[in-house]
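Taken straight from Swiss-Prot:
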- Arg129, Arg169, Gly175, Gly176, Glu208, Ile210, Glu215, Gly241, Val242, His243, Gln285, Glu299: ATP 1 binding site (BINDING)
- Gln285, Glu299: Mn(2+) 1 binding site (BINDING)
- Gln285, Glu299: Mg(2+) 1 binding site (BINDING)
- Glu299, Asn301: Mn(2+) 2 binding site (BINDING)
- Glu299, Asn301: Mg(2+) 2 binding site (BINDING)
- Arg711, Arg750, Leu752, Glu757, Gly782, Ile783, His784, Ser785, Gln825, Glu837: ATP 2 binding site (BINDING)
- Glu837, Asn839: Mn(2+) 4 binding site (BINDING)
- 948-1093: domain 'MGS-like' (DOMAIN)
- 1-402: region 'Carboxyphosphate synthetic domain' (REGION)
- 403-544: region 'Oligomerization domain' (REGION)
- 545-947: region 'Carbamoyl phosphate synthetic domain' (REGION)
- 948-1101: region 'Allosteric domain' (REGION)
Amino acid sequence: MPKRTDLKSVLVIGSGPIVIGQAAEFDYSGTQAIRVLKEEGVRVVLVNSNPATIMTDPELADATYVEPITPAVVAKIIEKERPDALLPTLGGQTALNTAIALDKDGVLERFGVELIGANIEAIELGENRELFKGVVERAGGESARSHIVHTMEEALAAVEDLKYPVVVRPSFTMGGLGSGMAYDEADLYRICGAGLQYSPTSEVLLEESILGWKEYELEMMRDKNDNVVVVCSIENVDPVGVHTGDSITVAPAMTLTDREYQKLRDISINVIREVGVDTGGCNIQFAVNPVDGRVVVIEMNPRVSRSSALASKATGFAIAKIATKLALGYTMDEIPNDITQKTPASFEPVLDYVVVKVPRFAFEKFPAADPTLTTTMKSVGEAMAIGRNFTEALQKALRSLEQKGSELAFPQDADPQALLAAASTATTDRLSQTQQALYAGATIEEAFEATAIDPWFLDQFVLINEVADEIRDAEVLDEALLRRAKRHGFSDAQIGSLRHMDAAVVRGVRHALGVRPVYKTVDTCAAEFEAFTPYRYSSYDLETEVAPHEGESVIILGSGPNRIGQGIEFDYSCVHATMALREAGYETVMVNCNPETVSTDYDISDRLYFEPLTLEDVLEVIAAEEASGGVRGVFVQLGGQTPLKLAQQLADAGVPILGTSPAAIDLAEHRGEFALVLERAGLVAPKNGTAVSFDDAKRVADEIGYPVLVRPSYVLGGRGMEIVYSEEALAHYVAHATEITPDQPMLVDRFLEDAIEIDVDALYDGTELYLGGVMEHIEEAGIHSGDSACVLPPVTLGPDVLERVHRATERIAAGVGVRGLINIQFALASDVLYVIEANPRASRTVPFVSKATGVQLAKAAARIGVGESIADLRAAGMLPTAYDGGTLPIGAPVAVKEAVLPFTRFRTAEGRVVDSLLGPEMRSTGEVMGIDKHFDTAFAKSQSAAGGPLPTSGRVFVSVANRDKRTLVGQAKRLVDLGFQVVSTGGTAEVLRRNGIPAEVVAKIADAGHEDGAGTVLEQLHAGTVDLVLNTPSGGDARTDGYEIRAAATSLGVPVITTTAEFGACLQAIEAMRSYEWSVTSLQEHDARLQQAVAGPEAAA
């Protein structure tokens, strides 16, 4: 059947900010969907609050709303745009929950909007645990024994029947939020209490424990003619009990017998039919008891999910693209496969390789968090690798993580029993502990007993260990041994450490013996048909599939797995660079290993190499490209710190680096040399010094005065940074933080209190500067720029300051020798402009600045990298001629970027949320943007989009450090004028009352029960009578009362503000929300407004 012709306009809901459990994979899915809709002639309206996405590029959809994804806001967009249909299956749980709310509120019916891709009934059947149980039964499957509960009393009764341990799963949450394993009553109160709160329907499923069973997923698609295909089977290496997003997974499933696979397949097909998914995809999770083979259906997602992105990249089968076509009414046999161009989508993909995905965690950012892996997802990113066998794919995936100690090691003196005891608890180290225990002499039976990891995988670890012994014991590294090692995924560095030689020496020997990888193709059909999209992976096989190409290629190194400090923003710059270079006629090559991202889509670049971003793997890709037609050069400054770290080594190997040279990159990172650049430019940095020991650091701190900011050299995301107020704190820091970069000295800077921090993104071509944007931070200096809210254009900086910023940026760019993008952080204190740091690369603010000013900076940077000038780009229309981002006219729209933080995901071993206090080390996973005519409404939108809409009435708890009390008086007066009740502890309340401000006193936590019936702030928070918390930490109480209050508020979803600067902005936003209703405006309309403001009132007339 051909597509429907009645759908002229479709609203797509994105997934919003990157959070744990819902990440870049939805930008990848959404971007594909929008492209399909446009190709089919449909008008596309998009709502997504995340500016760091490709899908929110104004060129993609017809109307792009970077607005909060709340039912009320989406209803306004529907009222304004009047779409025919809503496609909610590509924006994760956020989009599904919003669609359900719009349906319940009657909005869809009122405006005649049809839901496509999934119907409400199918969503309810798939997501509602009680209804889904019935579905499984009717489909001939079995569910774990369970009870649905809505209160703690019901939960306690259910446990009488199920017995401990029980699994707790809330309805309608994603990434396992609020779920966990309860071993006793205390656990049940803690986990089930949180689960009832996180579930929008206050509904929780308690089920019998299936801990230690094997876990599988099937990725399915079905069309309206009842054609069903299984796109991919995925097996978790970790047994049930670890969230699938935190587990190492492998595709295709390795340990299923054919009969077991057919059983799972039959159940899946029956379930997808029973649920009624008839125009799209879903994934179904199973548990299989290794003892008796009993199969239990765990759950399904009636939408495109994290697993769909993995399955798409693993198979080359574009699930999101095909799901969108199905939603438009096509059937599978009518949709051609892009890769083969001969087979339809109804052909199930066939794999002649193995894919392994390994999660990446960020526990180092939350030292207080419990690192045990449970059913609540905690990983912040993932790496994927492809090999001809499991061992090769696993070892490639592990080295793709780029974390110290992520590659398998082979210590000869380990205690197998101690390692197995450690491995019996699921943590990030379980895989290496198990492999090393086997290396040290543990048996497969003992390892299975301790970990419940299937013996087939344990046998593969033994095989890797045997090859390691062969490498260690061989008299010489001959060709046969090197080939065997490489076929099992050993890197030159691993071989070197086993042979006590340098990786470069191993590489030399390997090349001399002619042991080089070949590149194979992901083609969906195991080479049965020709593949037209070059999507490659390396293997030490016999023949290569890289075809000769005309013209030299430009290679872009991606940013690897997402992590805190290096996320989707860098992928955005890589994708934009590819687009700009392809438009200019260059052949582009992308090298990356992150399955979630747009950059690893097979049609973004001319060729995609799905490879680890290590020196060894990148040099081999360059060699393959050289051999097949030549390389113009490599871009290293777009993907964050990952490719930047390789710049000098690549240059040393004779690889041409495009854009800013490695010498210039080093100059900006090197303390002493950069100080000379500033000196020559007549600019100042805060007083600073370097230290290699505590005595050194103490001497520098005494010279420049406390507080000081201490950090290691060469880090991204403020890793290991701290503000230190005393000698004791300095001693503690030196004792704990010297491991980060052992060969680099520690940096000690004077910390500027109460300074305004300014962030600048600019382009420089060697003669001319284009100032991309000047952002003013809302919090004072001292909070990492990635965690701080910022506004563009600045709201309190005068033209003279902007002129000084422009001059300083130009002098630094020229002094460093930048060709392309540079990001500089300034601090303005007592009217002195200090230079904090300069990064000659794409920064995490590039997407935000590009969206706010309507100028694609990363595209322009790529063109400068291949030799074009800013003047050329102005002439070509890529950069504006009349203005730049530092001289935006009055009347330009105001954009606010706000960080989104993952504190609810991380709990201490006692089960409390980790502290939400911000500092110089970055902790946010994502960002949102609020954009409007004025700052106050733009800021209000950013807070709503970040998940904590500000209250417009109610009770506000305030408790501030002494240094903030003067500021608080004015702010509290405004609160009272707005009709809020102010609640405070003794000291702060006394100050407020002396200034004529009524304040209700509550007891400090330590004084619980001592005051006359006032109750503590914690009791009031739990009773739901506090709507907003302002708590700024003082040196002493930061870890006691303050922490308890912030942790309780965070876990209860009450907005917590930790600086008076941000609280001031919140007050403006609350006033704006009270006085008028905000409107929704598309990016395209904002851009038109900006052009109108530039042209001036005459043009408008």
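Placed from the backbone N, Cα and C atoms, the Cβ positions cover glycine too.
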Spatial neighbours of Asn301 (Mn(2+) 2 binding site) that are distant in sequence (at least 6 apart) but have CB under 8 A: Gly126, Cys282, Asn283, Ser307
Whole-number Å only: compute the distance from the Cα of Glu299 (Mn(2+) 1 binding site) to the Cα of Leu752 (ATP 2 binding site). 52
Determine, to the nearest whole angstrom, how far the Cα atom of His784 (ATP 2 binding site) is from the Cα atom of Glu837 (Mn(2+) 4 binding site). 12
Most crowded position, judged by CB atoms within 10 A, among Glu208, Glu215, Glu299, Glu837 as binding-site residues: Glu215
Gln825 (ATP 2 binding site) to Glu208 (ATP 1 binding site) - Cα separation in whole Å: 53
Students should find that the Cα atoms of Leu752 (ATP 2 binding site) and Glu837 (Mn(2+) 4 binding site) sit apart, in Å rounded to an integer, by 14
Rounded to an integer, what is the Cα-Cα distance in Å between Glu215 (ATP 1 binding site) and Arg711 (ATP 2 binding site)? 42
Pairwise Cα distance for Gln285 (ATP 1 binding site)/Arg711 (ATP 2 binding site) [Å, integer]: 44
Please classify the secondary structure at Arg129 (ATP 1 binding site) using three-state DSSP. helix
Arg711 (ATP 2 binding site) versus Val242 (ATP 1 binding site) - Cα distance in angstrom: 34
Give me the mean pLDDT over the region 'Oligomerization domain' (403-544), rounded to a whole number. 94
How does the region 'Oligomerization domain' (403-544) divide up by DSSP, counting helix, then strand, then coil residues? 72 helix, 10 strand, 60 coil
Tell me which of the binding-site residues Arg129, Glu208, Arg711 ends up closest to Glu837 (Mn(2+) 4 binding site) in space, Cα to Cα. Arg711
Return the member of Arg129, Glu208, Asn839 nearest to Arg711 (ATP 2 binding site) in space, with distance defined Cα to Cα and candidates limited to these binding-site residues. Asn839
With neighbours defined as other CB atoms within 10 A, the best-packed of the binding-site residues Gln285, Gln825, Asn839 is Asn839
Count the other Cβ atoms sitting within 10 Å of the Cβ of Arg129 (ATP 1 binding site), across every protein chain shown. 20
Tally the residues of the domain 'MGS-like' (948-1093) by DSSP class, grouping H, G and I as helix, E and B as strand, and everything else as coil. 76 helix, 19 strand, 51 coil
